[in-house]
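Visitor: One structure, pasted below without further comment.
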Amino acid sequence: VFWLPAGLKRSDFSVLTSPLVLYPFDSSQMKPNEGQELENHTLLTEFVLSGLSSYPELQYLLFFTFCLIYTFTITGNLLIFLVTLHPSLHTPMYFFLRVLSFLDISTASIVVPKMLVNFQSEDRKISYVGCATQLYFVIFLGATECYILAAMAYDRYMAICHPLRYAIIMNRRASLFLVLLSYCSGNVVSMVQTAWVFTLPFCGPAKINYFFCDIPPLLMLSCTDTSLYEKQIFTATVLVIFTPFYLILVSYACIVSSILKISSAEGRCKTFSTCSSHLLVVTLYYGSGTLIYLRPKSSNSQDTKKVLSLMYTAIIPTLNPLIYSLRNKEVKAAISRILTDLRKI
């Protein structure tokens, strides 16, 4: 027997005690207001990568295309790495080029093999830990490469603007210090970014509209307000991309000023040719990274961001060996000497 307050009928009480029906949350239809956070969210233990294309008839073509690209990436960068070990190329410039080749091989190996497997499989799942690990290495290698490209610009500045002091300042210890500083900086950036992303609550469906785990698509799965995180991403982009890029611009402004002081046109052309390869790589790499991370939840379509991501994870690592070998006479001469030695064996 229940005592009911005055004015409350039994029919009203039955409504209060009726079973509570829970409807699944659809993150694509509802987002919390600014400053609010969903208390009840699905605890995800794995994600699903949608891949490059949703068209089944393109999967085999994409598989063979990127399998070929990955083969060229590994072969070309290994060749550059081995060629620059030649005694005639023991200078800081080629030491940085070896490091760049190692970073390109690592970046492609983190992303492309998983993408190739997904082309041939319907099960495109990636574990929560696996996704976090992939994101960490993608950011770590990408940030490190940004700093290495800035170190290469500084090396060209010292070689052209201060040739008499170049051998003293850019010695082996200084080159190694710049590489270690780049690696440490990239590690710190990656640890902070990865930890921050994976403290966000993620709501179902757990499908990542991308071909690898990256910040922009993961933010789209979050069931909380991410405006604060987007501001943090903007700050990180400035530190990782714009700060090194500004140093590169300053270095090349000084380089151009020194080149213009050279009296002969042949001398100016020869001096600038040593920098043109690096400038091309910087433009491609920094340009694609800026368009992706400057506005991680911008109105740009996911297909556009996929293409830009392909630039720095698959295409640029393949182009770097071609850019630096085809436009560098010393590298081509070293390759010729190595091939000649192999023929004699």
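Heads up, the Cβ atoms here are built off N, Cα and C, so glycines get one too.
Predicted automatically and left uncurated, TrEMBL annotations should be read as such.
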Visitor: May I ask you to indicate which of 8-31, 272-295 is given in TrEMBL as transmembrane segment?
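Guide: Of 8-31, 272-295, TrEMBL gives transmembrane segment for 272-295.
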Visitor: Using a Cβ cut-off under 8 Å, which residues of the same chain at least 6 positions beyond either end of the transmembrane segment (95-115) come close to it?
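Guide: Apart from its flanks, the transmembrane segment (95-115) reaches 49, 51-52, 66, 69-70, 73-74, 77-78, 80-81, 84-85, 126, 134, 137-138, 141-142, 144-145, 148-149, 151-152, 155, 172, 175, 178-179, 211-212, 312-314, 316-318, 320-321, 324.
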